[in-house]
Amino acid sequence: MDNKISPEAQVAELELDAVIGFNDIILWDYKKRELLARLSLHKGKIEALAFSPNDLYLVSLGGPDDGSVVVWSIAKRDAICGSPAAGLNVGNATNVIFSRCRDEMFMTAGNGTIRVWELDLPNRKIWPTECQTGQLKRIVMSIGVDDDDSFFYLGTTTGDILKMNPRTKLLTDAGPAKDKFSLGVSAIRCLKMGGLLVGSGAGLLVFCKSPGYKPIKKIQLQGRITSITLRGEGHQFLVGTEESHIYRVSFTDFKETLIATCHFDAVEDIVFPFGTAELFATCSKKDIRVWHTSSNRELLRITVPNMTCHGIDFMRDGKSIISAWNDGKIRAFAPETGRLMYVINNAHRIGVTAIATTSDCKRVISGGGEGEVRVWQIGCQTQKLEEALKEHKSSVSCIRVKRNNEECVTASTDGTCIIWDLVRLRRNQMILANTLFQCVCYHPEEFQIITSGTDRKIAYWEVFDGTVIRELEGSLSGSINGMDITQEGVHFVTGGNDHLVKVWDYNECEVTHVGVGHSGNITRIRISPGNQYIVSVSADGAILRWKYPYTS
C-alpha cells in the first residue's frame, strides 16, 4: 500500500524521512528508501521529531526516562547539542515543532511546560525561554505553527487551544470557552489561507479560526485523529486516525474519502474461501474484514463493538462466514453484505477460540477457552448442539477437518492434539508433547499430521496410531503460531514469534525460502488456493501478501 506524503512533508534535497525506534533515530533517504544513518543518544523512548525548514537540522525529544532535547546536524549525521527539555518543577515535554522560517528556532510543549528555543551554533548551545500562560495550566497534546511564525497553537487534553506569540512568549488567546473538543485536541494544523484544522480525540475534524475557535466546517471520522498533513496550499489534506484509517479530505466540500485502512489491533486469523484466491477474510478486535487479494482493497467490514474475533471460516458453499468470538458466541454473517444470519449463544464458557466447518456445510466444529470441542448441526433455520467433547484441559488453538468430514484434529495449549471420529463422536487418538500446541495441519493424503507450538519444534505424526515420525527445529527463537500446507503436500509454510515466514520442503524437512517483513509476532499464515500467494498476519495489525516461490 503506497503512503502518500504531502510536498511540504517531503524534504527538499535528499528527501529525508525519520522513523522513531527504541533508543535510535533512523534517518532514511525517502526517494531511494535507504537507511542513511542511525542517531543514538537518547535513553529509552523518543517522543517526537522535527526537521528544520531548510533541512539543516533535526530536533529530537526524549521520553520520561531521558527528558532531553537534542539538535542534530543532518549533513554531518551528528549531534550538535542537547539540553533538559523541561524544568524541574513541571512534567515532561511531549511535542516539538520547528519554526517555519528560521532554522535556529523551535518550540517544545508538554505537561505544564511551553518553551521557545534558540540555537546558538557557534557556541553549540540551545537557549530556552519559558512561555507565560498566566493562570492557565494545561497538558499539551499537539502543536502547530503559522507559515510566517507570527503565532503557534497548542492543543490540550482539556479540549481547548492556546495561541502563543513566539516573540513575546505570551499567551494571546485561548478557546473555545464553551463546547470544548471532546477527549482533547490530538492534532492541529495551520492553513496558509488562515484558520486551523483541528483533530480531536473523539475523531472530530474541524476547521475553525482564532479567537473563538467555533467550528466553521466539521466531519466525524473513525478513531482518535493522530495526524493531519496538507497537500499543496491545503486545498486537500490527509488525516490519519488511531484506528488505522487514512482519509483524504477536500477543503471546499469537507467530505472524507477513505484511501487506506488496516486492522489497528492483533489480527487473529486469516482464511480464503474454498477454491478462490481472489478474496480472503481476516479478523481482529471489533471486526471481520474481507479483502480483495490483488489490489489490497477492503471490500467489507463486519463490526461487533467491544468484542474480539478469534477465528473465522468460510462455509464451503460460500454463503456464510462463521466466526468465533470472545463473548462465547458463534456468529454467522453473509459474505457479500455482512448481514448477521444467526448467532449461537453460550457456545463456550470462556470464549470461542477456534472454529472449522465441514465441506457438506452441515456442521460447525468449535473449540473454547475451557478446552471443550463442540459439534454443531447447522440447518436452514436451526443450529443444534450435537455433542460436547470434553478431553482438552486448556483452550483449543486450532481445528482442522478431514476432507471426508468423518474425522477432525484439534490442537490445544494443554500439550495435546486429539484426533476425533466425527461419526461416532469419540476420540480416536491422542498426541502428547511437552509444548503448548498452536497449529496443526493434515497432509493432503491425510495419513499424517504436522504440528507446532511454543517448543519451536515441527513434528510429523502418524494419524493411525499417534506416533511421532520425525521432529525438526522450526525456529531459533519464539513460538510457531501459524502453519499451512499446499494442496499437493509438497511444501508447507510456518510463521511465529521470530517474525519470519518460512517455506519448507515437506519430505526433505528443509527451509527453502525465508520472508522478512513482519515487525510483530506472526499469528496465522495461509497459502492461497492455486498456490499463487502466501498471506501472513501478525500481532501488530499487519497483513502481508507474499508471492508463492514455486509455480504450481
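Backbone N, Cα and C define each Cβ position, glycine as well.
Because TrEMBL annotations are produced automatically, they should be read as predictions rather than curated entries.
Keep in mind that what you see is a predicted model, and the values were worked out from it rather than measured.
Per TrEMBL, these features apply:
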REPEAT    39-74  repeat 'WD'
REPEAT    345-378  repeat 'WD'
REPEAT    389-422  repeat 'WD'
REPEAT    473-514  repeat 'WD'
REPEAT    515-552  repeat 'WD'
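In this chain, the repeat 'WD' (39-74) lies out of contact with the repeat 'WD' (345-378); the count of Cβ pairs under 8 Å, excluding pairs fewer than 6 apart in sequence, is fewer than 3. With DSSP classes pooled into helix, strand and coil, the tally for the repeat 'WD' (39-74) is 0 helix, 20 strand, 16 coil.
Same-chain neighbours of the repeat 'WD' (473-514): 436, 438-445, 450, 452-454, 456-458, 520-527, 529, 531, 534, 536-538, 544, 546, 549-550, 552, counting only residues six or more beyond its ends whose CB sits under 8 Å from a CB of the stretch. The list of residues near the repeat 'WD' (389-422) in space but at least 6 beyond its ends in sequence, with Cβ under 8 angstroms from a Cβ of it, reads 350, 353-360, 363, 365-375, 428-442, 446, 449, 451, 453, 461, 463, 466. Secondary structure of the repeat 'WD' (515-552) per DSSP (helix as H, G, I; strand as E, B; remaining residues coil): 0 helix, 19 strand, 19 coil.
Remark: secondary structure over the repeat 'WD' (345-378) totals 0 helix, 18 strand, 16 coil, with classes taken from DSSP.
Counting residues of the repeat 'WD' (473-514) by DSSP class, helix then strand then coil, yields 0 helix, 24 strand, 18 coil. Broken down with DSSP, the repeat 'WD' (389-422) shows 0 helix, 19 strand, 15 coil.
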